[in-house]
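Peer 1: I have a structure here, written as structure tokens, and I will follow up with some questions on it.
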Amino acid sequence: MTQHLFMVGARGCGKTTVGQALARVLGYAFADTDDMLWRSTGKTVAEIVAKEGWTGFRARESEILTSVTQGNAVVATGGGIILSAANRRFMRARGTVVYLHATAQELSRRLRAYPEDDQRPSLTGKPMIEEIAEVLAAREKLYQEAAHHVLDASQPPDDVVSAILQQLYPSAAS
């Protein structure tokens, strides 16, 4: 049976880092929707948003999500993938959704530590910590609704991977 594990959460929560490590441990393929979008368009998220707006970007993001058809795979999604009810239903129906939860303070710390990795334009134009807190507050219910499992992403990536494995395979962890 084909198994997809969808990593959801805010920008900077570790979806790509944790997803890659989890895929290695499980022997699954790894896919990142932002990377797939870049490969299919030749444009960064910021470039797509500048040309097509957030609505155009979200439509492309949904197309990319539904194109993930490879066998067993861990899929790191964009932070806003859950804004679409269709995307939430698709992920829940096609696999297991893991929400990597972190506080606004932790996300801000990570994004400041690796500014070159943050290629997304601001959603609100506000200072980073304010924007993160506002976006988290607006999306929390949707992340929770999408998720089969919610994990604390403030731990080191290997610890988060271990926690995910314990949630997915509780009998193997005992």
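Cβ atoms here come from the backbone N, Cα and C positions, even for glycine.
Per Swiss-Prot, the features are:
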type	residues	note
BINDING	G12, C13, G14, K15, T16, T17, R120, Q155	ATP binding site
BINDING	T16, D32	Mg(2+) binding site
BINDING	D34, R58, G79, R139	substrate binding site
REGION	112-126	region 'LID domain'
Peer 1: Across all protein chains in the structure, which of the binding-site residues K15, R58, R139 has the highest Cβ count within 10 Å?
Peer 2: K15
Peer 1: Enumerate same-chain residues with a sequence separation of six or more from C13 (ATP binding site) and a Cβ-Cβ distance below 8 A; give 'none' if the list is empty.
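Peer 2: The answer is G79, L100, H101, A102, L107, A153.
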Peer 1: Just counting, how many other CB atoms are there within 10 A of the CB of D34 (substrate binding site)?
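Peer 2: Other Cβ atoms within 10 Å of D34 (substrate binding site): 21.
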Peer 1: Could you measure between Q155 (ATP binding site) and D32 (Mg(2+) binding site) for me? Cα positions, answer in whole angstrom.
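Peer 2: Rounded to the nearest whole number, the Cα-Cα distance is 21 Å.
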Peer 1: Please report how many Å separate the Cα atom of T17 (ATP binding site) from that of R139 (substrate binding site), as a whole number.
Peer 2: 21
Peer 1: Between R139 (substrate binding site) and G12 (ATP binding site), how many Å separate their Cα atoms?
Peer 2: 15
Peer 1: What is the interatomic distance between the Cα atoms of D32 (Mg(2+) binding site) and K15 (ATP binding site), given in whole Å?
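Peer 2: If we compare the Cα positions of D32 (Mg(2+) binding site) and K15 (ATP binding site), the gap is 9 Å.
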Peer 1: List the Cα distance (Å, whole number) between K15 (ATP binding site) and R58 (substrate binding site).
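Peer 2: Approximately 18 Å lies between the Cα of K15 (ATP binding site) and that of R58 (substrate binding site).
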